[in-house]
């Protein structure tokens, strides 16, 4: 891809750095509930289920298939193997960014790779160490950007395919299509090839979904309320201070300052368009989660790298320290992830559920505890990966029954129909344990569910505050 092959030392150094900076992920299995969601979807696929029927989420289909591939190869559900693959994806993104045509010196390429490697981990453990949608999208999106800038039909065709795969990992990369149009607008043949490649890649993503119409609804059409609804003021302030303030402006301040020095440079005008689309994706929904900012790192790294390469002596050392120290601190903190996030322990309940059910049985978890499905190795009942998609609960909004109003009627209908079609052998009610705000959503807040439980289920245990029901009818 480069036209300027990297030496073995450079490639080896990048891979060594990316593994070292992701060592916490090779020690700990779970950093983010989204990882458990992906594991839950992968388990559903292994059991013969379909993503957008049996394990619906608002996210695209490529990462669940990556998880399933890792689980099939390793013969288990250990997430550390997935963490290693995600780390290698970041390393690949760093090499791709370093191959950009505008980086004409070895020093600039080293800076570009270093900015990606450091920037990708300079977050809280949840955002920097997890094997998440954004991490798997990173190499595809970075390559789509680099190839859009390279003249020629073949690079453009491949770039379009890779952009579609990036969207298949995280849908916000669809905004990168606008940047790709900008990059290729003055090269009509390349533009046509890029669009053709994107169409071919989109067909592959749709095929992976198992149900293209359902995927398009849940990932795009049915996501409007989730993205546009007004955030809770307290949660917005928390996001601005902790995520935007600390994880972006402070931890990535050196990257932003270096890039800002080229804001008038016409040579990188298209990269600023890529950056702008990434920043729009970052603020959409007003959540400001750190890993949302990953999409902006490749274009910013290409913009900033030549500036870093031109620095001399003391300025270069200080800037390198400003880039590297936040990353090193973040990696250190990731060895004790509980310091920055409280992770509920679902292991005792998962073991009980596994003992009470057969592998083919489905389990309903009323709440947001995808870790239970992963640890119990069971499929979800009700068709959704968590009850959030039925209750309307969201990370930056005040919880309570009022959020039901923002839930599409199709979600409620699908949930109830799935429960009738495949009744769960066991129901786990997390609202009685006050986990992840579900004390604001007792099962009685959905009368249809409450009636079903009262008619067909009986409580058999209470573990760690969670009430467990077994089907009696």
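Each Cβ is built from the backbone N, Cα and C atoms, and glycine gets one as well.
Taken from TrEMBL, the feature transmembrane segment covers 9-28, 81-98, 110-136, 156-182, 194-220, 240-259, 271-289, 320-340.
Long-range neighbours of the transmembrane segment (194-220) within the same chain, counting only residues 6 or more positions beyond its ends whose Cβ lies under 8 Å from a Cβ of the stretch, are 50-53, 56-62, 65, 148, 156-165, 167-168, 171, 177, 180, 184, 410. With a cut-off of 8 Å between Cβ atoms, the residues of this chain six or more beyond the transmembrane segment (81-98) that come close are 1-2, 6, 10-11, 14-15, 17-19, 21-22, 25-26, 29, 35, 38, 66-67, 70, 73-74, 109-110, 112-117, 120-121, 129-132, 135-136, 138-139, 141-143, 146, 298, 301-302, 305. With a cut-off of 8 Å on Cβ pairs spaced 6 or more residues apart, the transmembrane segment (271-289) and the transmembrane segment (156-182) reach 3 or more such pairs and are scored as touching. Long-range contacts of the transmembrane segment (156-182) within its own chain (CB-CB distance under 8 A, at least 6 residues past either end) are made by residues 59-63, 133-134, 136-137, 140-141, 143-148, 150, 189-191, 193-202, 204-205, 208, 219-220, 223, 270, 273-274, 276-278, 280-281, 284, 292, 295, 299.
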